[in-house]
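Novice: The structure is given below, and queries will be raised subsequently.
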Amino acid sequence: MRPHYVDFHTHLDLYPDLARAIAACDRKRVATLAVTTTPKAFERNVKLSANSDFVRIGLGLHPQLVADRHLEIELFEKLLPQTRYVGEIGLDRGPAHYRSFELQQSVFGRILRACAQQGDKIMSLHSVRAAKPVLDMLDEYLSPDRARVVLHWFNGSHSDVRRAVDRGCYFSINERMLNSKSGKRLLCDIPNDRILTETDGPFVLRGDEPIAPGDVQRAVEMMATILGTQTEEIRRQILSNLRILTAER
């Protein structure tokens with residue numbers, strides 16, 4: 001079955017019922033990358049999604065957790081051959097995590113080296129206040145022909161966007177981003193053939209409630225309005241982008 005929509009960054013295991021969240025994505029026919037925040041969460045996610053037509057699991061070690069979980073990098077490296085998808089990984093230079101930034105860089109470097117060695121990985125990257133360091137480390141450790149990179153909730157500058165586009169990166173965009181001037185400007189900076197949708201659920205809220213698993217339709221509609229085109233055109237473009245991103249090489 002072909003998907004109707006794409007959610008390339010969500011935390012299904014942080015919803016109250018992981019199995020129900022997976023079932024919701026299948027029912028809506030949403031091609032979903034369910035990222036994990038620690039390697040220890042990976043195998044449970046894989047087990048519960050084993051029969052899913054639309055949900056794939058990313059092996060992750062979230063930069064905000066590196067201070068406490070950095071020793072899990074060995075488990076990450078052990079599990080990496082089991083998956084093509086990697087995420088959530090990256091760097092976070094926000095005030096709450098600045099003290100661990102050097103440790104984050106060390107862990108992120110090990111992840112990139114391991115992915116480069118194995119090849120054919122598709123990655124969802126976190127880069128809060130760290131767009132340039134993330135791009136610098138990609139250039140240092142990971143040739144574009146060894147992995148494909150999707151920048152999740154990217155908030156870099158115009159020049160950062162151009163640099164990322166030039167090295168082949170994609171961008172996953174959620175509806176909360178599109179409610180801000182900076183998010184709208186970012187969308188307009190990105191070529192249409194590099195755009196994907198995400199929910200980043202359950203962290204993105206609608207009112208007081210987390211966005212539902214796989215609920216990206218509003219983001220697609222908002223993109224169409226901002227870009228001055230038809231919703232169906234954007235929906236089809238995003239599906240085409242996903243096919244190209246995930247095609248075997």
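Note that Cβ sites are derived from N, Cα and C of the backbone, with glycine treated the same way.
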Novice: Among Glu77, Glu88, which residue shares the divalent metal cation 1 site with His9, His11, Asp200 according to TrEMBL?
Specialist: Glu88
Novice: For a quick check of packing: other C-beta atoms within 10 Å of the C-beta of His152 (divalent metal cation 2 binding site), how many?
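Specialist: His152 (divalent metal cation 2 binding site): 26 neighbouring Cβ atoms within 10 Å.
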Novice: Report the residues of the chain - excluding His9, His11, Glu88, Asp200 - with C-beta within 8 Å of the mean position of the site's C-beta atoms, for the recorded divalent metal cation 1 site, in sequence order.
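Specialist: Near the divalent metal cation 1 site, the remaining chain residues are Thr10, Val35, Gly87, Ser124, His152, Glu198, Thr199, Gly201, Phe203.
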